[in-house]
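Structure incoming, see below.
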Amino acid sequence: PTRKDGVSYVLRIEGRPYTVRLQQQGFLLFFCSRFFISDDFKIYTYNKNGSLRSDSPRIKGGCHYRGYVEGFPSSAVTLSTCSGLRGFLQFENVSYGIEPLGLSAFEYFVYRVSDKKVAGSLLATSLDGSEPGGPTAEEMTREAQGGDQVSGLCPRGWQVTPIESRVIFQFNYLGADDYVVTQKIVQVSSLLNTMFRSFNLTIMLSAMEIWMDDGTFQKTGDGGDVLVRLLQWKQSSPVLQPHEVPYLLLYRDRAAFVGATALGKACQRDATGAVAVYQRSVTLESFSVLLAQLLARSLGINYDNPKKCRCPGSICIMTLEALCVGGAKAFSKCSIREFKTFLVRNKNCPFIRHTLRHPSYRVTVCGNGVVEPGEQCDCGAAEACALDTCCTPRCKFKPGMQCSLGLCCENCQFKRKNSQCRPAADAQCDLAEFCNGSSASCPPDLYVQDGHGCERGTGYCYRGHCQSPDLQCQALYGRGARNAPLACYEEVNSHQDRFGNCGKHPKDGYQPCSWPNLECGKLVCAFPNHIPFTKAKGAIIYAQVQEHLCVSFDFMRGPTELDPLLVKEGTKCGPGKVCINGTCQPHAVLQYDCNVQEKCHGHGVCNNQKNCHCDPGWSPPHCKTRGSSIGGSIDSALGPDDSTGRSMKKWLLLSLGGILPVLVCGTIVVLKRRRLKR
């Protein structure tokens, strides 16, 4: 091996030798999982009586590898050496499975994944000896009520940061041996992480649950129905952690759908989860692609349009054909772009925040694609490093290069000082960030301090957005709309139905609004015309209250989605009042303590670090003196404008250019006069 923790194998496949280059994916769980297995991984079992038993198996984490086949840059290899050689070799359009031969740790057999007689099937055994049933639906997608549902796996004959996931499945369908089942799930997780490597995203397997009966909740119906019940069960689970994403693996002989998830809702804790259907003929490889598609859909990634999306290989993950075709698969440029958009729009995503609060203490590994302590960069596997212009395979910068990643890195060099790296997401309440010229990282996200007034006094800044009910009404109905008066809220939100409520509980239905909290429930707007303009699909009601036309709207949405017409957190609900957790509370709960006239001399606002962020043309820290053309704060890491420095240099050169000739001419005249006197 050329690198630490690197392994090479020479495997003979169909009479031809192939060299496999591998890099370690994990370490023993005793030290903390390196990638995709949680260090406190547990198996929970519900027996037929409904009682819960937990077990903490010692699963080896240091024997999982991923890599490539030498000479095949588009290949992907995912192998485990924990108990013999086991895994997959994926070329561009064909895959091979590797299994130990009997109990031997040194003998193995290799097979094409398309062979349905081999051991690569997801199921343990045939349940009743009958022929496997094919899917009943066509290859198509449709929106399921309550989520995004994928219909139709493959035609008959085809065989195919970290997000903490909990796998739940039915007893006997994956096998009755906990160890064998765990190895299969770990193998699927390894394949899943190989596919999400381009996102620099880790899907961590935190727990498994085995249900030995169907007493938890009803699992019949279409994907949307089962997903709704799973999300309702999630609220009452005694062991499911808030940051975990449950995946229910559901067996069906014949199914009209193969998966369901809530589109783009990975950051909503009450809507995160997925249902995946496996059948007798489905292989681990194909099933891992299905799980990857479901997870990607929850991350806001759409299916690829073949005419518009470029794929780095022969087939992209976000295509229906990916479920039916073997071989290595990757996300398209479209998918990567949509994932970046999702991250920008969900900066406070719970699973991202959880990851940041719980750092893992790991041994640095060069070649895993993640920049860790002691590394300048990490270009990943050898085939990726060969194409990298900034980084060497030894995780060092190439000569003359300063960076490889980051919002302030461009063409392997730091961006110029004071170059904008993160524009303001909200014109009134968010603040732009700028590069400091000496780092590849964009400074931490800054925004106007919570509680600062915005939108002409109708709202408050909250988490970087102006939460004004007027703006919320205008976003829905158009520029003429505005927040309704209290009388409208009294009329509409007292009905406790889909048009007027203070939230919805999975069991108790629509919640009533107490009088003090009327303006923190369903958004009610006033509109000057009888027919408000909106492109949204839904039902609308009107209520004439005094001289006001009150309008309420109900979106046509699935039961897994939160009502987008509930008044947003941090919205103003009266003079000196703000909506927090659906209740109207005093403005003081936001702890706003900035007097911009005194502290920032009327030339700036306070940011979320409670420091002055100066308007353009004024200098921090107190915005008292004129200076920077950008403004900013002491948290912005801004320096003097390069343009100012260059202008000063030009002025000096011009001055010297004008003065020097005069001095020279004056000296010549004086010398001539002296000569004449002599």
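Every residue, even glycine, has its Cβ placed from backbone N, Cα and C.
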Where TrEMBL annotates a disulfide for C311, which of C316, C324 is the other cysteine?
C316
Using a 10 Å radius around each Cβ and counting other Cβ atoms from all shown chains, which of the disulfide-bonded residues C311, C316, C623 yields the largest count?
C623
Other than its close neighbours in sequence, what residues sit by the domain 'EGF-like' (590-624), given a CB gap under 8 Å and a spacing of at least six beyond its ends?
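For the domain 'EGF-like' (590-624), the list is 431, 446-452, 460, 462, 570, 578, 630-636, 638.
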In whole Å, how far is C614 (disulfide bond) from C311 (disulfide bond) when you measure between their Cα atoms?
45
Taking just the CA atoms, what is the gap between C614 (disulfide bond) and C316 (disulfide bond) in Å?
47
Hey, how far is C623 (disulfide bond) from C316 (disulfide bond), Cα to Cα, in Å?
52
